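Sequence annotations record features per position, and here TrEMBL assigns transmembrane segment to 12-34, 46-64, 85-103, 123-148, 155-175, 181-203, 215-237, 243-265, 310-329, 366-386, 420-441, 453-478 (among others).
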Amino acid sequence: MDGMAEAFHITPRLAVGITAAIGLAALVVPMYMPSSAPGMVFKTRALSYITLLFGFYMAWNIGANDVANAMGTSVGSGALSLRQAVLTAAVLEFSGAFMVGSHVSHTMQSGILTAGIFNGKDSLLFCGMLSSLGAAGTWLQVASYFGWPVSTTHCIIGAMVGFGLIYGGIGAVYWKSLARVVASWVVSPFLGAVAAFVVYKCIRTFVYSAPNPGQAAATAAPIAVFLGAAALSFTVFPSKASVGMAAAQALGFGFLAAIVINIVIRRQLGDLLGLFYELPAEGQVDEKASKQPVKFMGKVEGPKGTQLRIVYSVFGYLQVLSACFMSFAHGANDVANAIGPISAALAILHGTGLNTGAQPSMPIDVLAWGGFGIVAGLLVWGYRVIATIGEKITELTPTRGFAAEFAAATVVVLASRMGLPISATHTLVGAVMGVGFARGLNSVRGEVVREIVASWMVTIPVGAFLSVVYTFILIRLIPSLV
């Protein structure tokens, strides 16, 4: 609790109170949810309650670890305080999970396990779903404690593969899917690093080296927002109509976002552009913005003084906006890592099964429960991984943070449309490293990177091992469902 209190500048007593309130809600709320309604048979209701608790544990750890994807760079660059980042992410993560989370595919139908192998073994499959949630949650909690940003998707996949391989045999696993996951260990950080390197070099070339860097930043901002908002809209809010209508919707959304950010930034820049507000005087520029200018290609010096303050203000807005998009999209997509196994387990309990050819239903209360779990984990432990991505890999400023965030978002959006194996966590870590490489190899802290890569390599094996152990225990504790 001391770490939470220090991170959010609150008293330890308040930190204990917040944690206790979350724990009490996690124990009491599932009793009154429709998915464990009082009208059910006692055994079914009790197992539904246990399923919801396992799902909350997984969602809690998703919030504690994976939310750093969206907010870590904003905190590291100073664009947002830790408290602002957590509160913003809490609202957007829950909104994404609750409003859009149902559009992602259920884990059992995503090509990891062959459900037909478990025909007539509902009890075993139910225990496997709970074990997968528990195993993935356990490893995520360990990783969050040490501040390692690992992929929640890889955790749940590793857990399900371990269960399927041991209790269903080699034929129970889609090995091509597993190969794609392993490939993403290399593909994701590499593409993220390359994209961030290019974006940051472009900023150095076209903004820092411009005759008027502040004006150049203000001109580039609406263009960047248009591209990012249109791409994210096209992916996160896919239209049910034709591709042309979906593209028109995305372009309209991008155009609107560009107009809004242009108005906000022009007001921020003030009299320098002949608009509304005065700029701060030279003496008011903070010390961080007035450090020695960075040379580009050894020839052109970057902006300094008030011009650097303007550039940082512009990219601070851009970075916060990109972080908000990433946070909403993360809640919409990654909540399925917890909700997928929950919906599968509840389908078994409620008699709909997984071998009927139909997908399990996605109850609204379960979606909301997953969103609450993500927010709870973010509040209690999210600061640990945010600090790793935002501060420990390399020193970040608003321009560097935006380069990493924008590059990672672009890579994830394009890769998802092309069907490439991409991990959002790995992509963003690679993007932060790419920004560091753009400043020089010595700007990246190698010992931190080695710890992170090591945690990636063991995620699937550890998840698989824990899932097998948990299944072995659960099949002896949970009575037969058939």
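Every residue gets a Cβ built from N, Cα and C, even glycine.
The largest share of C-beta pairs under 8 angstroms with the transmembrane segment (12-34) comes from 366-386, of the ranges 243-265, 310-329, 366-386, 453-478. Residues 47, 123-124, 126-128, 130-132, 134-136, 138-139, 143, 146, 148-151, 154-163, 165-167, 178, 181-182, 185, 426 of the same chain lie 6 or more positions beyond the ends of the transmembrane segment (453-478) yet place their CB under 8 Å from a CB of it.
Same-chain residues lying 6+ beyond the ends of the transmembrane segment (123-148) with a Cβ under 8 Å from its Cβ atoms: 47, 50-51, 54-55, 57-58, 60-62, 64-65, 108, 115, 155-156, 158-160, 162-164, 167, 337-338, 341-342, 344-345, 348-349, 354, 377, 381, 384-385, 387-388, 392, 451-452, 455, 459, 462-471, 474-475, 478, 480-482.
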